[in-house]
Every structure is written in structure tokens, then in C-alpha cells.
Amino acid sequence: MTTTQKTADLPAAKSADSAGTPLLQVKDLHVEFHTRDGVVKAINGVNYSVDSGETLAVLGESGSGKSVTAQAIMGILDMPPGRIPSGEILYRGQDMLTMSGEERRKIRGRKIAMIFQDALSSLNPVLSVGYQLGEMFRVHQGLSKKDAKAKAIELMDRVRIPAAKERVNDYPHQFSGGMRQRIMIAMALALEPDLIIADEPTTALDVTVQAQVMDLLAELQREYNMGLILITHDLGVVADVADKIAVMYAGRIVETAPVHELYKRPAHPYTKGLLDSIPRLDHKGSELYAIKGLPPNMARVPAGCAFNPRCDRAQDICRTEVPALHPVTEQDGTTLVGRGSACHFWKETIHG
Amino acid sequence: MPDLTKTEETEPVKAPVAEGAPVPPADPAVGKPRSLWSDAWSDLRRSPMFIISSAMILLLLVIAAFPGWFTSLSPRDSDMALYLQKPQFGAFFSPEWLGYDGQGYSVYTRLIHGARNSILIGVSVTVLVTFVGGLLGMLAGYFGGWVDTVISRITDVFLGLPFLLGAMVILVSFETRAVYVIVLALAVLGWTLVARVMRGSVITVKQADYVMAAKALGASTTRILFRHVLPNAVTPVIVVATIALGGYISAEATLSFLGIGLAPPAVSWGVDINTAKDLLRNAPHVLLWPGLMLSFTILAFIMFGEAVRNALDPKLR
């Protein structure tokens, strides 16, 4: 996803279905919100891509722009305050931002689906679960009520909801949190989309259920060979599931890396700070590390690198110049595939 | 993160039991799926206010539909020999039960036959107002922007019209005083209330995550509006409409009393009150019965509305 890894190196991309173009590619996306307090630049040039069967984890604090990127991809941004001044979102090479509303709607649900954070509020409280699941088939495939219900039961079985047949007519509030998230997953899966965007799918769940839901999601992804964009702020959730990670800070991607490399050798001080602030059993008794300061107000992003007020390594250059996403290399200069860091001092961070 | 992932891996072994266990026994009390409406219905069935008011309304509806079941006379069967005769309370449900009015009409018979117009007007205005106001309010609330501005300003204009003055202007401009004219006049002035309530309610609902989720799963705008927004936003409108129904019935009586509503060949409680007012000192009963009947009808609908509100939105109680 660094500059070297864009459309230039086609042979490297392994998506079999469409001549090497990635399933989804976000190119230099900018999103801003026009508010009374001025223009808030929520996203400033985000690039990433996902292939079939691949999982990209987008990591970042609240307000870093990870959900806004997802909403822009889905086309569900509230468009008067929000605006997309520049950028491209390519689905199989086609720019979705220039499509008509109707064309985009046909992609939503059928080709790209989304799982939301809070499953209770994402399910319509006055419609039964079976109805809402069946709705996907009735609207998009024109199935009859009876067939749609049968399909709904099948889907509920698929996401391992016990006693699906008996519970198909229940309402969302009658299910537990984990079961509701499974229903959300089932709805997203209904039409077997190519890509699923999961926006913090486990944040509202307790830890034991989190693991189950993540496992289920990973398993279904393998089964259908879907692309998955997993948006989260939980480094623990990511470790097992993701193939590659993009770390976001203040509306930019500050580091990209294959998952295990990122954990082993972070190349950006922010990522390093995040990893150090995970509680660990072997550090019992010592004080827990925290990145000092707060994430910036997006209406007043600091000049230069947005992370500079919180960074230990900050020098003068960090306060004036916005760092580009540098390709990260080994000390001897061999490139590390898929790695990039938007830090002036990435060398010191990874090798020092 | 070896330590992190490990704790998560060990958990799922017992977790499926925890998730699966509550299903078979469930709540023994709650065997069936419970929707908002079935909950509301089970609340309503236990509410004395609902039972009493719906019995009253049912009776009124039967009277309005089949006045012949309750009296054998026509409302225009006049016998001047019985001019202003006092009620004979022993004679239940016979023409002379509630006495006779200044035209020699049986007051009881006129009460029975007057129900139809009052109920018809009340119900038609409510239906019309709910559809028009509900639709406009929904569009304004959901689309916002200039759609909202236009609809809301129109609402404000109609809301600013004094009710009686507005109704007078509308009614005077028609040549006939048929029921549909009154319905039209009341609906034109009444839809604003529903539109406002609906708009507010839709604005709350449209921000719900499930609306965004439906959008993200490819639902069309019409589908989102009628399947996801409307059913969740309609509750306060139903409450307002049922309570307002009583108000429309009394508005019809008011207009008829003032002589700009239904006119004498037509039979209605308002018309009867209008003709009775001149005879108040000689024969108060002629005014009393249609007045009482009107009050009871309005009371029944308002009680019904309150009961529905309590069942649908217990927080408002």
C-alpha cells in the first residue's frame, strides 16, 4: 500500500477474478465536514486496498477517521455537513464516487455490506429478526415471504444461533448482545457480498463473546473468500484475524504493515505507544504506559505531523513538515513489502 | 500479544453454553415473540380506562351505523302537539323518553340520528389529517433541507390561522354545508398538529443506527421510509390523532352551533344545540341531552387516546 505497491505492480496482486485490480481501493481520499466552527478535515488523503480473502484492520483512536472512511466507502455519510473534495474509491476498478445514487445502492448490500458496532440499535426494534433477515432476500432477490423466511432460518443457523427455527419470529430486544451481533453478521452475509466492512463489531460485547464473534467472522470470511475491512481500536482483536494493518491518526494513515511485523517492530512512534499501552501479564505491578496528551481536535490539527505534541521523538521538522508515508526498509536497504510509516524518524523508531 | 489472545482462546469452550442455555427455557411467561404492538395490546386489555372507553365508542359506532336499531321514528317525524314536552324518565328508549323539542321532534330520536354525522366528521377528519399531516411531516423530517423549510413554513402559516376564523372563511366560501365541506374545513386547519408531531418523531428516528444499517445494506429510500422510519415514528401520531378525534367532534358542534356548520335539515348534535339555545329557559332539557351526549362522546375518545398513549409510551404517564 505504499507507493510502490499501488496499481503499478500488477503481478503481485493475486486477485484472480478481475485482472489484478484490487477488490477495493481507496485512493487519496479526503473528507471534510462543514460545521459552524469551520471546516473539520476528518480525512486527509487516506490510501488503502483490500483483496478478496484478505483482512485489512484499520486501527485508531476515536476521532481518527476510521469510521468516516468506512462511511464514505458505503456512501452513507451525511452529505450536507460532510463533503468529499477529492479522492477515489474504486470497487473492482470502478470509481464509486462518480456513480449515480441508484448504481451505488445496488452495490450496497449485494457487493459491499457493513456490520455496525451496536447491534441492538442497528436492528429495527419493531420488526422481527426473521423479517429483517428475509427482507434482504425479498428486496434484492424477489423471493416470496415463505422462501425468504426459510432463507433467514438458514442464515441464523449459519451464524450459529441456537434454535433458529423457534427464534426467527423474535424481536431484537429478545436476543443477547452476542446473538444480536450474529444477526447483524447474518444480515451482512445474506447476499454473499465480496467485501464486508465491520465497524468495531465487538466493541459493544463482553470479552468472551468478542472472541466467538471474531472467530465466526473470520471463519465465514474464509468460507466465502470475502475481503474484510475490520475497523477497531482493540489491538488484541486484530492480532489473530487481520492480514495487514493500517494505523490511522488524525485522518491520515500513519503506518501500514503486515500484522505480525507491526506487532514485532512498529515503525511509527504512535503505533509503538499503542502497543506499549496494552496491559500485559508479565508487566504485573509496574505502571501501565499511556501515550501522554489527547488526540487533536480535528478542527485545529497541529501543524506538521499531527502527532508531534504527544511524541517523544518530536524535532523541529515535525512541527513544520507533514511527513509522507515512507516505504520502510531494513537497515541494509531491502524493502519490507507492504510496510510504510509516516514519520520523519521511522528509521530510528524501527531500528533504534 | 500472546497473553492477550490466549485468554480469549480459552473462553469460548464454556461460552457457547452460556449463550445457548437461556434459549430453551427462555422466559416461561414469554412464550411468544413480543413486539411493541403485542406488548401494548396486553397492557391495554388490562386497563379499565381502555375497556370503558372502547365500550362507549363501540356503542356510539353501532348507533351511528344502525340508528334504526335504537329508535323507530325518523328524526324529522314531527308532532307539534308534543311541543316541548318534558322527558318521561320511566319510558326507556321510547320516543318520549327524553322529551320533545321546539319542532315537536323526539329529542331521543334526534340524539340517536345525530350520532352519525358527529362520528363521521370526527373519524374522517382524523383519517384525513393523519394521512396528509403524517406524510408531509415525514417528508419534512426525513429529507430536511429545503423540503423541510418549505413544508415547515407552510405548516407555520396554517398553524397561525385562528381556528374559528379560518373555518368560517372556508365554510362561507362553499355553497353547500354538506358533511364533506365541514370535514375539509377541519382537516385543512387540523393537519398541522400531526405534521409537527410526525416531523419531530421522524427526525429522532432517522438518526437511529438501524436506519443507517438499512441504508448500508442497500434498502431504497421508499423502503427505509415506510419499513424502518414510519413504524418507529408513528406512535406519537396515533396518540395525538386519537385524542384530537374528540376535539374534531366538538369542533363540528361548535361550527353548527354558530350556524356555519351543518344547517337544520341535517341532523347533528351541534344543530340541536343551536336550535335549543333559544328555548333554554322554557325547556332546558332540549339543550341538556345533546350537550351531554356530545360531552360523553368526546370524553370517550379522549379516554381512549389516553389509554393508547399509556400503553404505547409508558414514560409519558
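Just so you know, glycine gets a Cβ as well, placed from its N, Cα and C.
Just so you know, TrEMBL annotations never went through curation; they're auto-generated.
The compositional bias 'Basic and acidic residues' annotation in TrEMBL covers B:1-12.
TrEMBL lists B:115-305 with the feature domain 'ABC transmembrane type-1'.
Taken from TrEMBL, the feature region 'Disordered' covers B:1-32.
Counting residues 6+ beyond its ends, the transmembrane segment (B:50-70) has Cβ neighbours under 8 Å at 44, 93, 112-113, 115-116, 118-120, 296-297, 299-301, 303-304, 307-308, 311 in the same chain. The transmembrane segment annotation in TrEMBL covers B:50-70 (among others).
Residues or ranges marked as transmembrane segment by TrEMBL: B:119-142 (among others). Only residues 6 or more beyond the boundaries of the transmembrane segment (B:119-142), in the same chain, are considered here, and those with a CB under 8 A from a CB of the stretch are 60-61, 64, 148, 151-152, 154-155, 179, 182-183, 186-187, 190-203, 206, 225, 229-230, 233-234, 237, 241-242, 244-246, 248-249, 252, 297, 301.
Sequence annotations record features per position, and here TrEMBL assigns transmembrane segment to B:154-172 (among others).
Per TrEMBL, transmembrane segment is recorded for B:178-198 (among others).
Residues or ranges marked as transmembrane segment by TrEMBL: B:229-249 (among others). Listed by sequence, the residues of this chain that lie at least six past the ends of the transmembrane segment (B:229-249) yet keep a Cβ under 8 A from its Cβ atoms are 36, 118-119, 121-123, 125-126, 129-130, 133-134, 137-138, 141-142, 186, 190, 193-194, 197-198, 200-202, 204-206, 208, 211, 294, 297-302, 304-306, 308-309, 312-313.
Annotated transmembrane segment per TrEMBL: B:287-308 (among others), in sequence order.
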Sequence-remote partners of the transmembrane segment (B:178-198) [C-beta within less than 8 Å, at least six residues beyond its ends]: 117, 120-121, 124-125, 128-130, 132-134, 136-138, 140-141, 151, 155, 158-159, 161, 163, 166-167, 170-171, 233-234, 236-237, 240-241, 244, 248, 251-252, 255, 261-262, 266
Positions on the same chain near the transmembrane segment (B:287-308), where near means CB under 8 A and six or more residues out: 40, 44, 47, 49-50, 52-54, 56-57, 60, 98, 107-108, 110-111, 114-115, 118-119, 122, 238-239, 241-247, 249-250, 253, 269-270, 272-273, 276-277, 279-280
Contact set, same chain, for the transmembrane segment (B:154-172): CB under 8 Å, 6 or more residues outside the stretch: 136, 140, 181-182, 184-186, 188-189, 191-193, 195-196, 251, 254-255, 258, 260-261
